[in-house]
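**Student:** Quick one: the structure is below, and I'll ask about it shortly.
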Amino acid sequence: MTSEIADTGERHAVADVDSSHGARLAGGKLGTAHIVFFVVAAASPLVIVLSTGPFSLRVGGIGAPGAMLATGVVLMLFATGFTAMTNYVKEPGAFYAYVTTGLGRTLGSGTAIMTMAAYGICVIGFLGYFGVFAQGTAASVLGVDLPWQVWALGCAAVVGVVGYCQVDVGAKLIAVLLSLEVGVIIVLIVAVLVQGGGPEPASAAPLSFDNVFFSDGSGTLFLLAFGAYIGFEGTAIYSEEARAPHKTIPRATYVALAFLAVFYALSFWVVIYGYGPKEALAAAQSDGFFEMVFSQAGEYVGSWLVTAMRLLIVTSFLATIIAFHNACTRYMFSLGRVGLLPVPLARTHPRMASPHIASLTLSAVTFVVVIIAMIVGLDPYLELGTWLYASGVIGVVAAQAICALAVVVFFLRDRRGHSVFRVLVAPLLGFLGLVGALILMANNFSLLSGYTAFLPNAVMIGAMPLCLAIGVLLYRLRAPRVVEISTSIG
């Protein structure tokens, strides 16, 4: 772990991690499909279709499918440079290594702490959502009535066990859950298309420029759309555990992005087609708008699909929490290995080669926060879930923007044989798109947070920049102990 990286002139002593602590993750465990399952699960496609889809129609209008496609294009532009840089960055805890390589270790440390915190609070926030949906589904489908806290803590325990095990255990479980949740939406899509949709003919209006970019609700559409892709950047987190990472990581990134863009856009369009544009907008404005897709499933397929969706939205949250837990613990592992966080976090299990100390630490934190939320009486959906998710989205998109800038700066020094478009033009356009998304999110943040007052929104928006500042400060305080990133810039 002593090879040097291109940096902004910063040089610090190497503090190697004792190899007896097992400071390497299990290599060669994950193929392209495994990584795609992890990052697509983090995006939670079933939850997006069942909840974000109707909400997008309600607050943003008919252009929701087009906004999903346009967002996918922006992120694909970012991904072209991001994946090109994969050949020169091998450290897990992806954004730490990428931003450090491009913009220096100080900003890299801040970005890593912010991203780790964003993933971590999303884990806790999703536990609140999981508790609510599990409670309701168990009561209505199974006749079991338990409080949300029991379901949330039970989920946290399951996630902790999966996170403790070898990474391919989580990948296999997620593969099953994700296949089921995507499968039920595909059944609905096929049923609506085969039966000819609603009373109005098929329309391209949901994809038109006017409805996507120039309607009164366009800003809100893109706020929700960028949130729907959160997690795709996690492909690079698994570089150390991937088979042939220089091929696997770019391939997984492109596949995940392309799948999400097409799946979201097609699913949203089919919901509109199944109702008809006018009826879809009317249903989205009703009090029961969150039941739109469930109602459509009952009409076009039958009650069995509605029941399956209600069950699978719970497992969808489980898959999402596992994916975010894995992402967060790999940041903890990486930052422990370089000395920015306590070194024990960089220890791996002697047999399973998993970051078990980091996993146990995150699990302990989630248990404590859920118990505190229970004691003080926080609403699991509107407060515990929404507060943390809204703040986490800001943090991850901000990290994506910083990483896009790091890619541009890195390749400005030397394109290393890549085309100008791939490593300069495309990531620069991606950076501008992500900055625009952050501005839209800040201006429309009350829709994510559920609050109209200034102070709570300011606190939730400001939490992530504060984490970035804490990361910078930690680096400044611990700089002599920080380990050089183990990567070779060729």
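Using N, Cα and C of the backbone, Cβ positions are placed for all residues, glycine too.
Keep in mind that TrEMBL annotations are predicted by a computer and have not been checked by a curator.
In case it helps, TrEMBL gives these features for our protein:
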- 34-441: domain 'Amino acid permease/ SLC12A' (DOMAIN)
- 35-55: transmembrane segment (TRANSMEM)
- 67-89: transmembrane segment (TRANSMEM)
- 110-134: transmembrane segment (TRANSMEM)
- 146-167: transmembrane segment (TRANSMEM)
- 174-193: transmembrane segment (TRANSMEM)
- 213-232: transmembrane segment (TRANSMEM)
- 253-275: transmembrane segment (TRANSMEM)
- 301-324: transmembrane segment (TRANSMEM)
- 357-376: transmembrane segment (TRANSMEM)
- 388-412: transmembrane segment (TRANSMEM)
- 424-442: transmembrane segment (TRANSMEM)
- 454-475: transmembrane segment (TRANSMEM)
**Student:** How about the transmembrane segment (454-475) with the transmembrane segment (110-134) - do they touch, taking at least 3 C-beta pairs under 8 Å (6 or more apart in sequence) as contact?
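**Tutor:** Contact between the transmembrane segment (110-134) and the transmembrane segment (454-475): present, because at least 3 Cβ pairs are under 8 Å.
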**Student:** How about the transmembrane segment (146-167) with the transmembrane segment (301-324) - do they touch, taking at least 3 C-beta pairs under 8 Å (6 or more apart in sequence) as contact?
**Tutor:** yes
**Student:** Report yes or no: does the transmembrane segment (357-376) come within contact of the transmembrane segment (174-193), defined as 3 or more CB pairs under 8 Å with a sequence separation of 6 or more?
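**Tutor:** Not in contact, no.
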**Student:** Check the domain 'Amino acid permease/ SLC12A' (34-441) for me and report the mean pLDDT.
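**Tutor:** Computed over the domain 'Amino acid permease/ SLC12A' (34-441), the mean pLDDT is 89 on the 0 to 100 scale.
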